[in-house]
Amino acid sequence: MSTQAPVKRYTAPQIQARKGDTPIVSLTAYTAPMAAMVDKHAEVILVGDSLGMVVHGLPSTIGVTLEMMILHGQAVMRGSERAMVVIDMPFGSYEESPGQAFRNAARIMAETGAGAVKLEGGARMAETIRFLTERGIPVMGHVGLTPQATNTMGGFKTQGRDESDWPAHIADAQAVADAGAFSIVVEGVMEALAERITEAVPVPTIGIGASNRCDGQILVLDDMLGLSGRVPRFVRKFGDLGPRTDAAIAAYAEAVRDRSFPGDGQVYR
Ligand code: KIV
């Protein structure tokens, strides 16, 4: 019989209770090995639909499918044991009706074992968020710049430059919180608006390109590791793995070509 207590993951109520407390550390991950590394430091791992661009080379998140999210969600769950894993609902999998959203969110939860789903949109998604949360599916909201709506928003633009737009953004976040979301990603908004949204909702806000006024932060892992090509201006690169990976591959190629690899003993036995 095992005497070791199982490691418990962070839950939606625990994340929700962090409002106004120590900032919540969140990062994306899409694979088991990266999830294992992030798991040591973050409370929330997001399997973001940014995987469409980061992993699959798509031009945007629009082509990401439910199957892709489930496959990467399973990998991230296998690689982590402590962080809460949140999985993005991809474009087209939840907007039609609360029933459609529930069917697909239930599949994500059942087939991955993740702790929550995330979906984009403010007041217009409130009915759906309520439908999911009342039926046992924790939901993380996502307001401000919502990349799945890039075609109607006209690109990736900072939201709230014009103060007259603020009430609508604040009302969006309030509607999402009132509907039962346990936390809300606030993306690409002016600092003063991020502050107002954070004050206006009783659940933690998790900022990306939205200043340190939020209750936590999230970044795309590959962006902050320096593995992505072009990254948004707000991203701070905490590593330079892109150039270092390139140098390692170049060194390998050179070693193969000059026959210095494999050397003595570098064979399967
Ligand atoms: O898809 C994603 O990675 C996201 C984060 C950037 C918030 O939604």
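First residue shown is number 1, and so on along the chain.
Placement of Cβ uses the backbone N, Cα and C atoms for every residue, glycine included.
Quick look at what TrEMBL annotates:
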ACT_SITE  Glu187  active site, proton acceptor
BINDING   Asp49, Asp88, Glu120  Mg(2+) binding site
BINDING   Asp49, Ser50, Asp88, Lys118  3-methyl-2-oxobutanoate binding site
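Overlay of TrEMBL feature records on the structure.
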{"residue": "Asp49", "record": "Mg(2+) binding site", "contacts (Cβ under 8 Å, 6+ apart)": "Thr61, Val64, Met69, Asp88, Pro90, Phe91, Pro147, Gln148"}
{"residue": "Ser50", "record": "3-methyl-2-oxobutanoate binding site", "contacts (Cβ under 8 Å, 6+ apart)": "Thr28, Thr61, Pro147, Val220"}
{"residue": "Lys118", "record": "3-methyl-2-oxobutanoate binding site", "contacts (Cβ under 8 Å, 6+ apart)": "Leu46, Gly48, Val86, Ile87, Asp88, Met89, Val139, Met140, Gly141, His142, Val185"}
{"residue": "Glu120", "record": "Mg(2+) binding site", "contacts (Cβ under 8 Å, 6+ apart)": "His142, Val143, Thr146, Pro147, Gln148, Ala149"}
{"residue": "Glu187", "record": "active site, proton acceptor", "contacts (Cβ under 8 Å, 6+ apart)": "His142, Val143, Gly144, Leu145, Thr146, Pro147, Gly207, Ile208, Gly209, Ala210"}
Quick check: with Asp49, Ser50, Asp88, Lys118 left out, which same-chain residues have Cβ atoms within 8 Å of the centroid of the 3-methyl-2-oxobutanoate site Cβ atoms?
Thr28, Leu46, Val47, Gly48, Leu51, Thr61, Val64, Met69, Ile87, Met89, Pro90
With every protein chain in view, how many other Cβ atoms are within 10 Å of the Cβ of Asp88 (Mg(2+) binding site)?
29
Can you tell me whether DSSP puts Asp49 (Mg(2+) binding site) in helix, strand or coil?
coil
